Amino acid sequence: FILTGIPGLEDAQFWIAFPFCTVYFIAVLGNITLLLVIRIDPSLHLPMFYFLSMLAAIDLVLTTSTMPKLLSIFWFHSHEISFEGCVAQMFFIHSFSMVESGVLLTMAFDRYLAICKPLRYSTILTGPTIAKLGLTAAVRGIAIATPATCMVANLSYCGPRVIHHSYCEHMSVVKLACGDTRPNSIYGITVATVVVGSDSILIAVSYMLILREVVGLSSREARLKSFGTCCSHISVILLFYMPGLFSFYTQRWGRSIPVHVHILMADLYLLVPPMLNPLIYGMRTKAIWERVLSLLWQ
């Protein structure tokens, strides 16, 4: 296949690559730092930080599965990608996006227990429970992405080889296939709507319960601290879901939206949240920030 990059902005792609590369570098550095700090500091071996580690690892996979190839397209005009490489990239993007959605849901559940059920927090979120929650999110994401990947791999491709995208997005590849592709479209739309819809609703319910509990706190300092934690999580959730949904649905029905706007949003969906997640959590979580500063000082 031939990946075009950003259709309509071919002349500007060389310069667009510089901010993309900077953001990618910050994302990799920030997430690796987060993983190392949580790994070496025993005081951070708590449920919330284990979930943060999962999020950091997922973000590293998402960005690394797309950004090196994207930068090679922008800088070195390396547009070709093998069929196997394209299918593998598609699998990693869609499966780990689903896994991240599941981890964000478990993080909302973690905050609900910490604020609304503090006395039962340590008894509910034990080590085995945390491992099961992470494993469930991973199995669900892989189980959902595998059928879509197999369906794409089994299609016949007898027409043009040009994918009008920066990476192998599911529907961009399906559009190049011959024959009936309705099962692929129906499966993709159904999965995105059901999984993202259910996760978003459950996350929203969790935070509504949290906010109701926070409003009832007697201490102003405790209210502000709880609001700050919730705002951090809600910011991450919005940054993850909004660009992803925009990219997904405009790929099917957004014909009036310029192609370069759609592709840029799709690229930023896999780049900006992985960069901001460690910054938001690092800045807002005192224990992590203090540990990073102490390591830098040493």
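Cβ from N, Cα, C; glycine included.
Look at TrEMBL and you will find 12-37 (among others) tagged as transmembrane segment. Through the fold, the transmembrane segment (12-37) approaches residues 5-6, 44, 52-53, 56-57, 59-60, 63-64, 67, 70-71, 73-75, 267, 271-272, 274-275, 277-279, 281-282, 288, 291-292, 295 of its own chain, all at least 6 residues removed from its boundaries and within a Cβ separation under 8 Å.
What TrEMBL lists as domain 'G-protein coupled receptors family 1 profile' is 30-281.
Among the features that TrEMBL reports, transmembrane segment is placed at 49-67 (among others). Within the same chain, residues 20-21, 24, 27-28, 31-32, 34-35, 38-39, 89, 92-93, 96-97, 99-100, 103-104, 106-107, 110, 130, 134, 137, 166-167, 267, 270-271, 273-274, 277-278, 281, 288 sit at least 6 positions outside the transmembrane segment (49-67) and bring their C-beta atoms closer than 8 Å to a C-beta of that stretch.
According to TrEMBL, the feature transmembrane segment maps to 87-109 (among others). The list of residues near the transmembrane segment (87-109) in space but at least 6 beyond its ends in sequence, with Cβ under 8 angstroms from a Cβ of it, reads 48, 51-52, 54-55, 58-59, 61-62, 65-66, 69, 81, 133-134, 136-138, 140-142, 144-146, 148-149, 152-153, 167-170, 173, 195-196, 199, 202-203, 206-207, 233, 236-237, 240-241, 244, 270.
Summarising the annotation, TrEMBL assigns transmembrane segment to 130-157 (among others).
The transmembrane segment annotation in TrEMBL covers 186-210 (among others).
Counting only same-chain residues 6+ beyond the ends of the transmembrane segment (230-249), those with a CB under 8 A from a CB of the stretch are 97, 100-101, 104, 107-108, 111, 169, 188, 192, 196, 200, 203, 207, 210-211, 214, 262, 265-266, 268-269, 272-273, 276-277, 280-281, 284-285. Residues annotated as transmembrane segment in TrEMBL: 230-249 (among others).
Feature annotation from TrEMBL assigns transmembrane segment to 261-281 (among others). Non-local neighbours of the transmembrane segment (261-281) in the same chain are 5-7, 20, 23-24, 26-27, 30-31, 33-34, 52, 55-56, 59-60, 62-63, 66-67, 70, 93, 164-167, 169, 232, 235-236, 239-240, 243-244, 246-247, 250-251, 254, 288; each lies 6+ residues outside the stretch with a CB under 8 Å from one of its CB atoms.
Remote same-chain residues near the transmembrane segment (130-157) are listed as 47, 50-51, 54, 83, 87, 90-91, 94-103, 105-106, 109, 170, 173-174, 176-179, 181, 183-184, 187-188, 191, 195 (criterion: CB distance under 8 Å, separation of at least six residues from the stretch ends).
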